[in-house]
Amino acid sequence: MEARRVHRLSSAVFLLVFSSLVFQIRASNVIFYESFDKSFEGRWITSEKDDYKGVWKHSKSDGHEDYGLLVSEKAKKYAIVKELDENYSLKDGTVVLQYEVRLQDGLECGGAYLKYLRPQEAGWKAKEFDNESPYTIMFGPDKCGSTNKVHFILKYKNPKTEEYVEHHLKYPPSVPNDKLTHVYTAILTPDNEVRILIDGEEKKKGNFLSAEDFEPALIPSKTIPDPDDKKPEDWDERAKIPDPDAVKPDDWDENAPMEIEDEDAVKPDGWLDDEPEEIDDPEATKPEDWDEEEDGEFEAPKIDNPKCEAAPGCGEWKKPMKRNPAYKGKWHAPMIDNPNYKGIWKPRDIPNPAYFELDKPDFEPIAAVGIEIWTMQDSILFDNILIANDEKVAESYRDTAWKPKFDVEKEKQKKEDAVPESNALAGLHKKVFDLLYKVADVPFLEPHKPKILDLLEKAEKQPNITLGVIVAILIVILTVFFKILFGGKKKVRSVVEAPTGTADQSADGQGSSGAEKEDEGEKEDAAPRRRTNRRET
C-alpha cells in the first residue's frame, strides 16, 4: 500500500515538473501574446489624433464567452497600439506573426489588418499613433471595391538611398467570405521565405529576394533607363510606310456608293400597294378622363395591319438595295517596308544608383503592434495576437484558442444553412460561389481578379443574375487560358488586303481599299424592306 502511494506521488510530481517544463519552453518561444481576456484599457493606447473617432470596446465574440477587441461603430477611423517591452529583432531564426479576426457583420469596405511598428523617432508617444507611424510589416485582410486581399507588405530601407520602400507580396489570397472567426498567420523563415496561412492552411508562399514574389522587388534592378537620354529627332519608328510611288488608278471611283438599287428586282405577286402597314386599333376607346382641350384630339393607337400578315408586303413597293460591284471605297497607297526604320526607340540603360546586393534582408525590429484602419462595417473583433519564434507554438495556439471557437461557429452555420430538400439549390449555390472565390485566387487570373470579384459580389446580392455571372467568369477563364495556350492575339497585318469581287483587280500593286470590312456581311440580295411609320402610344 505504501509503495503504491509513493509511486502515485512520484508520478504526480513527474507530470507537474514535465508540464511546467513544457510551459516554460512554450513561453520562451512566445515574444508577445494578447488574449484580451482582460480589458485592454491601460495596456493598449488609443490614438488621440483627431481623425480617429472610432470607439474600441472590450467585448465577447458572438456566441462565445471569449473576449476580444471590438470595432464598435461604422464608418469610422480607428487606431490603437501596444508597445512591446523590448524591440524584437527579425534578423535571426523563424518569426511567426499570428492573430484572429472575426467579421461578425461581414466586410464590404474596410481593413482588418495589423501593423508591426518599427522603433519610432525620439519623443514619439503611443497616443500619437496614426497612418504616418512607420511600420516594418503590415499584415491582414483588406476589402473594398475591387480590392480583396490578405495583405503582406514589407517596408524596407534601401541601404543606398536610405529611403523606405513598401514591397507588396504579389497575388495574395482573398479574404474568407463569411462571418466566422479566422486565424491569419505569416511565417518568416531564415531561408528568406514568407508563408501566409489562413486557418492553418498555406495559401501563399514567396521569397523576399524574388522579383516574381514582391512588387516592387526588394533588390532593385542593376540598370535603369537613362532619364536624360532623348530620342533623336530623325529616329523613325515606323516599320511600314505608304508607298510614295504608288498612284491611284484612273478607274478608281472613291465616290461610288456602297449600295445601289437592284434593277432586276420585281415586285412580288400579291403585294398590297394600297394597304398601310399599320392601322388604327378598332378596339381602342377614348379614356373617360380624356380632355380634348388639354390632351388634344384623341387618336387610337396603331396596330399591325392584319391584311399584311398573309401578303408579301404592304404599302408603296420600292426596289431593294444591293451591293455595288463598282464600289471600292477610299483609295490608300499600299504599305511597304520603311527603308529608314530603326526600331522602337528606348533610352539607353545606365547603372542604377539605388541597386544593392543582398543575401538576407536586414529587417527593422518590431517595437509595437498597432491596428490602424478605416472601415464602413462595425463588429470586427480582433483576438489572440501572437508573435513567436516557433511554428509549433503558433499551431498550438490555433488548436487551443481558435479551433474550438471555429468548430462551434461552423456547426452553427451548417444548421443555419440547412434547407429543405425543395431548396437544396441554395446549398449548391454556396458551394459554387466558394469554388469561384478560390478560382479568383489563381495567379494567372490576377489581372482579371477585381472584375471577377465584383461580378461575384453582385451575383450574391442578385441571385437572378447568378447564371449569367458564372457564364461570364467562365468566358474570362477560357479566354485567358487560350491566350496562354496559343500566345494571345495575332499581330495585325500591316498590308490591307484588297476586297473580293471587282476590287480584286486592284491588288496588283495599284492600291488597296477599305471596302472589305465596310461591306462585310452584306447580302447580295436583300429582301424588300418595309417602311415603318409606327407612332408611340
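Every residue number used here counts from 1 along the chain in the order it is shown.
Including glycine, each Cβ sits where the backbone N, Cα and C put it.
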Check: What residue among Cys109, Cys308 is stated in TrEMBL to be the disulfide partner of Cys144?
Finding: Cys109
Notebook entry, point to check: Going along the chain, which residues at least six beyond the ends of the transmembrane segment (465-486) come within the CB cut-off of under 8 Å?
Noted result: 429, 432, 436, 439, 444-445, 448, 451-452, 455-456, 458-459
Next item on the list: With DSSP as the yardstick, break the compositional bias 'Acidic residues' (271-282) down into helix, strand and coil residue counts.
Entry: 0 helix, 4 strand, 8 coil
Note to self: Below 8 Å Cβ to Cβ and six or more residues apart, same chain only. Which residues does that give for Cys144 (disulfide bond)?
What the structure shows: Glu108, Cys109, Gly110, Met376
